[in-house]
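J.: What TrEMBL records for Met45, Gly194 is substrate binding site. Residues or ranges marked as ATP binding site in TrEMBL: Arg121, Thr167.
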Amino acid sequence: MKKKEIAILLDRVRMENPLVHNITNVVVTNFTANGLLALGASPVMAYAQEEVAEMARMAGSLVLNIGTLRHEVVESMLIAGKAANEHGVPVILDPVGAGATQYRTETARRLMEELEIAIIRGNASEIANVAGEHWSIRGVDAGESNGDVFELAVSAAKKLKTVVVLTGKDDIITDGHTAFIVHNGHPMLTKVTGTGCLLTSVIGAFTAVEKNTLKAAAAAVTIYGVAAEIAADICANQGPGRFQIEFLNQLYLIGGNDLIEKMSFTQKEVD
Ligand code: ATP
Ligand code: TZP
Ligand code: MG
Ligand code: MG
């Protein structure tokens with residue numbers, strides 16, 4: 001993928017203002033809505049079983065996030081997911097905390113089995129546990145590395161038959177054949193809760209405007225990482241509160257020139 005294509009995709013999100021339907025967790029709801037608005041997308045959170053199918057059908061993408069699961073919300077996710085699948089609306093899954101409890105692991109795997117998931121985005125432990133491996137995880141945060149994350153992302157994409165976005169210091173985006181390794185990002189992102197969840201919804205916004213899910217996800221991850229780097233530069237030596245606000249500002253302000261100058265990724269053909 002060319003750098004210019006990534007800048008064009010950002011312009012398309014801002015021009016098309018896609019509606020992103022989120023069924024997400026109670027920790028990150030407000031941050032996710034504000035992050036999508038800052039980027040130029042249009043967020044909606046809707047959970048009731050009576051309305052989720054209608055909302056999912058009219059959305060540009062549906063984001064399912066299992067961060068604070070409840071039985072009724074799982075049913076809503078299945079209803080919304082099936083409606084989205086029937087209407088060609090891409091569904092993106094964030095398996096928050098998969099591997100930490102049996103309920104989370106089983107629910108993430110059930111959503112993968114019963115729905116057509118276009119992209120799954122998680123940390124290494126979450127991706128491993130959804131793919132049937134047993135990497136350690138502490139609550140919702142990735143545990144110590146248990147192996148080669150590149151190999152894990154590729155094998156998970158093949159096994160789950162979907163695009164995998166595995167995030168951490170470097171991010172790996174792969175469909176099992178082509179892989180992007182994105183070097184952008186900043187450690188301050190780990191000091192603000194919900195930055196992984198917001199990234200999943202930002203991927204949703206890009207997927208709503210670009211049918212090639214691999215390119216959409218790679219563009220979203222790269223832009224997100226560059227915005228974080230600029231925000232961290234502006235707030236150097238200050239705390240996470242200041243960074244959180246400046247990061248939202250940079251999702252709004254980031255332009256094509258910043259992107260071309262700072263984006264850093266490599267593309268690999270796997271087989
Ligand atoms: P975890 O709960 O393990 O923190 P998460 O769901 O919050 O996972 P992350 O893996 O933290 O998701 O990814 C969120 C964003 O933070 C991504 O853009 C990723 O590139 C970035 N990121 C995470 N860790 C680092 C790091 N050490 N250096 C740079 N960027 C990072
Ligand atoms: N607990 C349940 S969901 C959640 C916490 C702290 C938010 C996790 O957000 P992220 O994006 O994975 O850091
Ligand atoms: Mg994180
Ligand atoms: Mg997460």
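Any Cβ shown, glycine's included, is placed from N, Cα and C.
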J.: What's the CA to CA span in angstrom from Met45 (substrate binding site) over to Arg121 (ATP binding site)?
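T.: Cα-Cα, rounded: 19 Å.
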J.: Filter the candidate list Met45, Arg121, Thr167, Gly194 of binding-site residues, keeping only entries whose CB is under 6 Å from an atom of ligand 2.
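T.: List returned for ligand 2: Gly194.
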J.: With the Cβ under 6 Å from ligand 1 as the test, give me the qualifying entries from the binding-site residues Met45, Arg121, Thr167, Gly194.
T.: Thr167
J.: Find, for the listed binding-site residues Met45, Thr167, the residue with the lowest Cβ contact count at a 10 Å cut-off, counting only other Cβ atoms.
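T.: The binding-site residues Met45, Thr167 were compared, and Met45 has the fewest Cβ atoms within 10 Å.
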